[in-house]
Amino acid sequence: MEINQTILKEFILLGFSAYPHVQTFLFGVFFCLYILTLAGNLAIMGLTCVDRSLHTPMYLFLSALSFSETCYTLTIIPKMLVDLLNQDRRISVAGCGLQMCFFLGLGGTNCIILTLMGYDRFLAICNPLRYPLLMTNVACGQLVASAWAGGFLISLIETALIFRVSFCIPNLIRHFFCHMRAVVRLSCIESGLTEFIVTLMSVSGLLGTFLLISLTYVFILSSVLKIPSAEGKQKAFSTCASHLTVVIIHFGFASIVYLKPEASGGDDTLIAVPYTVITPFLSPIIFSLRNKDMKNAFRKIMRKTVIFKK
């Protein structure tokens, strides 16, 4: 069978075009979630910067995660919102490659930072005497930089593998962003091996970081159970509750996207919504509402604002 090998300069994101009657409603819902996500992450970054009591590794990691998630949502959601109200859903091949690279890179960075946050809690609970020496602010900054480097190294390899070949008509991406599986299937040559390699890399990174976090919590649980007082156990668990909740939500939704069998059916567009929209929305809420230090810092800023206005 002859394949149409016209060199493509752009793709068309089908997105939610299969649901034309609810696109305006989806725009309203996603827009509100996006604004709240930005507000939550910016609040965490702002409070961490302003309040000196939050200048500790735990909150520096949290601020780094908020910044990474802000960039992560910027790569996808604004374009998705525009496409929900616009019939022209084109994106250039170069733009698609950049979006994919940043999406994968920032997603990988988020996973690594969550792992580092687990490591930070492990040191604080299992090795409290050496914690100030091992986890300094400088070490925290170096670990965050390594998270960005690791996330984007894998992303660049995956994106290069996918975009090293030409793409054929039809140029329709059955997704609301340049998802790697949806793009690789438009390749002019047999793409099964490439799809397997990039999926294996993503799944390995996802499972690898999740297993590391699980291992740290095994040690944390072992140490907490040795604490004699119930109050001490509760205090130790409370420092991990927010992180553990976000980890479960983040990796739970991500596993649905990346571990879904090819023949299982289902709309990939809808399946990706929790991972790309809902998880970034829930993350700052969980870290803010379940954290006394963050709430106290917010109250102090509000009191200073009221006094200044008077």
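Cβ from N, Cα, C; glycine included.
The annotation transmembrane segment is assigned in TrEMBL to 25-47 (among others). Counting residues 6+ beyond its ends, the transmembrane segment (25-47) has Cβ neighbours under 8 Å at 16, 19, 54, 62-63, 66-67, 69-70, 73, 77-78, 80-81, 84-85, 277-278, 280-281, 283-285, 287-288, 294, 297-298, 301 in the same chain.
Positions annotated as domain 'G-protein coupled receptors family 1 profile' by TrEMBL: 40-249.
Taken from TrEMBL, the feature transmembrane segment applies to 59-77 (among others).
Listed as Cβ neighbours of the transmembrane segment (97-119) (distance under 8 Å, sequence separation of 6 or more from its ends, same chain) are residues 58, 61-62, 64-65, 68-69, 71-72, 75-76, 79, 91, 143-144, 146-148, 150-152, 154-156, 158-159, 162-163, 177-180, 183, 202, 205-206, 209-210, 212-213, 216-217, 243, 246-247, 250-251, 254. The transmembrane segment annotation in TrEMBL covers 97-119 (among others).
As annotated by TrEMBL, transmembrane segment applies to 131-157 (among others).
Long-range Cβ contacts of the transmembrane segment (196-224) within its own chain (Cβ-Cβ under 8 Å, at least 6 residues beyond either end) map to 104, 108, 111-112, 114-115, 118-119, 121-122, 125-126, 154, 157-158, 161-162, 180-181, 184, 233, 236-237, 240, 244, 247, 251, 254-255, 258-259. According to TrEMBL, the transmembrane segment annotation covers 196-224 (among others).
Tertiary neighbourhood of the transmembrane segment (236-259): same-chain residues 58, 107, 110-111, 114, 117-118, 121, 124-125, 199, 202-203, 206, 210, 213, 217, 220, 223-224, 227, 271-272, 274-275, 278-279, 282-283, 286-287, 290-291, selected by CB-CB distance under 8 Å and a gap of 6+ residues from either end. Summarising the annotation, TrEMBL assigns transmembrane segment to 236-259 (among others).
Taken from TrEMBL, the feature transmembrane segment covers 271-289 (among others).
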